[in-house]
Amino acid sequence: MKTLYSLRRFYPVETLFNGTLALAGRDQETTGFAWWAGNARLINLSGKLLGAHVAHAGLIVFWAGGMNLFEVAHFVPEKPMYEQGLILLPHLATLGWGVGPGGEVIDTFPYFVSGVLHLISSAVLGFGGIYHALLGPETLEESFPFFGYVWKDRNKMTTILGIHLILLGIGAFLLVFKALYFGGVYDTWAPGGGDVRKITNLTLNPSIIFGYLLKSPFGGEGWIVSVDDLEDIIGGHVWLGSICIFGGIWHILTKPFAWARRALVWSGEAYLSYSLAALSVFGFIACCFVWFNNTAYPSEFYGPTGPEASQAQAFTFLVRDQRLGANVGSAQGPTGLGKYLMRSPTGEVIFGGETMRFWDLRAPWLEPLRGPNGLDLSRLKKDIQPWQERRSAEYMTHAPLGSLNSVGGVATEINAVNYVSPRSWLATSHFVLGFFLFVGHLWHAGRARAAAAGFEKGIDRDFEPVLSMTPLN
């Protein structure tokens, strides 16, 4: 007899409420958390929580490797990276792999190797994650006391913090070693239009490095985002790596002071909220860095910054009209200010027109034309090189504007223009993720503080309305 319906649809469906889908320590009855509360079920199961974290690391590294190989497979060496929607290859190129003078890609094999290495390590992490989630000990305290912990154990928590800080410090020094000893990194400021070079003369002067932290975040100052030479960036990583490593050792060797024990909440959810806050700050800083900084994120790979594209347009038309006989030093614009050049309130010569708001842009193609008082009129008349004209015309037409449907350029652009800058994607995504992480911080911090104060209720699971409803099956 032909069955009209699959018999399977009459079999009982495992739902949240019939309690039979029980894995020890992972069902609603024993943990107080339903399946959708994710790792909350594992708060007191250090072995299973380790599995979740290792598996998560495996997913992250798998994405990195897979996306890396996807970008390599689609990469066209004749086109700039920023025209191809790439976000991983520009990072590898910035580290000096596979590129030569002017940011030209001469070898894609290092990119392939990077993707394969990430895929292989993701398999190792994936196996470890599955092992610890399904097969390994539920708790580590008994068999591996070094890896065990209790959330309330303040001394153990600061020891774990110290280990993490040391790992971050080692990560910072990996960049330092790459720049110093292992082939160098890409320097967009290298003479003649950018090149890979070893960074030899590090900036270790604390007044310079920490001076960045004391700068105003506003125009012309730009806080740490204003860093514009690699000596400062690599020297900053020496300082940062050293502080992280010494701070990590200090946290391993010491116990929290009394004021810290009183001021902080010591629970798993509190630590989660602190971590989310830190990641949120990182996200916002990364957003500003990739949007404004063309030294750590060279325009050869990521496309021009917004201010850079705007200044490039002013420069391109200055070059054109000067060739046609305009006197760019004295021509007046429709507002009575200089059409091509004007003076800023502090007296230096800057580009006129709407781009005056971006007067503080620094870019390798423009700096040779500056003198002690801003743009130098005699250099603009005599010293403009063809490579500067080509670079600015290219950047003018690749501003980091664009909509979600990939119709790039200004709002009036024709639909045939299919370009969205990686800067737009990276800045927007990091801002949005930073914001979500901040909201998550507020949520978990509020819950952790309420629980510590003793009035955290949550949903009343005994009288939850859904418990009195007919089960789905």
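Even glycines carry a Cβ here, placed using N, Cα and C.
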Among ranges 372-396, 397-421, 447-471, whichever one Swiss-Prot labels transmembrane segment: 447-471
24-45, 134-155 - the one Swiss-Prot records as transmembrane segment: 134-155
All-chain count of other Cβ atoms within 10 Å of GLU367 ([CaMn4O5] cluster binding site): 11
Recorded stretch, among 69-93, 134-155, 255-275, maximising Cβ pairs under 8 Å relative to the transmembrane segment (291-312): 69-93
